[in-house]
Amino acid sequence: MTYVVTDECVKCKYTDCVEVCPVDCFYEGEFMLVINPDECIDCGVCVPDCPIDAIKPETPELIEWVERAKHFIEHEKWQVITKKKPALPDADKFKDEKDKFNKYIGV
């Protein structure tokens with residue numbers, strides 16, 4: 001099992017979670033973060049640090065987020081992020097919106 005970053009992160013990209021990760025398994029894209037499922041040690045220490053509850057344990061319903069993370073890391077060459085940065089400028093505007101991945105990224 002791994003943890004996954006879900007739709008809530010899209011267009012917000014709060015990075016509070018990255019500094020607490022003991023194995024540096026967060027990767028950064030333009031509009032969101034992902035967790036590398038091959039590097040995550042399933043500790044869950046990042047979960048309470050996400051202000052929008054975007055990080056969840058992998059379940060069969062969330063497997064698509066594992067596959068998306070792999071795609072972005074392997075094919076889009078997203079890079080590791082280990083230091084907190086400011087959230088995206090309009091994060092507060094988008095934080096409660098639903099289905100953001102399909103609307104804004106759609107891979």
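Placement of Cβ uses the backbone N, Cα and C atoms for every residue, glycine included.
As given in Swiss-Prot:
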DOMAIN    2-30  domain '4Fe-4S ferredoxin-type 1'
BINDING   Cys9, Cys17, Cys50  [3Fe-4S] cluster binding site
BINDING   Cys21, Cys40, Cys43, Cys46  [4Fe-4S] cluster binding site
DOMAIN    31-60  domain '4Fe-4S ferredoxin-type 2'
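Location within the structure of each feature annotated in Swiss-Prot.
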residue: Cys9; record: [3Fe-4S] cluster binding site; DSSP class: helix
residue: Cys17; record: [3Fe-4S] cluster binding site; DSSP class: helix
residue: Cys40; record: [4Fe-4S] cluster binding site; DSSP class: coil
residue: Cys46; record: [4Fe-4S] cluster binding site; DSSP class: coil
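Within 8 A of the CB centroid of the [4Fe-4S] cluster site residues Cys21, Cys40, Cys43, Cys46, the other residues of that chain are Tyr3, Cys17, Val20, Pro22, Val23, Cys25, Phe26, Ile35, Ile41, Asp42, Gly44, Val45. There are 30 other Cβ atoms within 10 Å of the Cβ belonging to Cys9 ([3Fe-4S] cluster binding site). Same-chain residues that are not part of Cys9, Cys17, Cys50 yet have a Cβ within 8 Å of the Cβ center of the [3Fe-4S] cluster site turn out to be Val5, Glu8, Tyr14, Thr15, Asp16, Leu33, Cys46, Asp49, Pro51, Ile52, Ala54, Ile55. Of all the binding-site residues listed here (Cys21, Cys40, Cys43, Cys46), Cys46 has the Cα closest to the Cα of Cys9 ([3Fe-4S] cluster binding site). Here the C-alpha separation of Cys40 ([4Fe-4S] cluster binding site) and Cys17 ([3Fe-4S] cluster binding site) works out to 13 Å. Here Cys17 ([3Fe-4S] cluster binding site) comes close to Phe26, Leu33, Cys46, Val47, Asp49, Cys50, Ile55: these same-chain residues lie at least six apart in sequence, with C-beta atoms under 8 angstroms from its C-beta. Confidence over the domain '4Fe-4S ferredoxin-type 2' (31-60), given as mean pLDDT on the 0 to 100 scale, stands at 98. Of all the binding-site residues listed (Cys21, Cys43, Cys46, Cys50), Cys43 has the fewest other CB atoms within 10 A of its CB.
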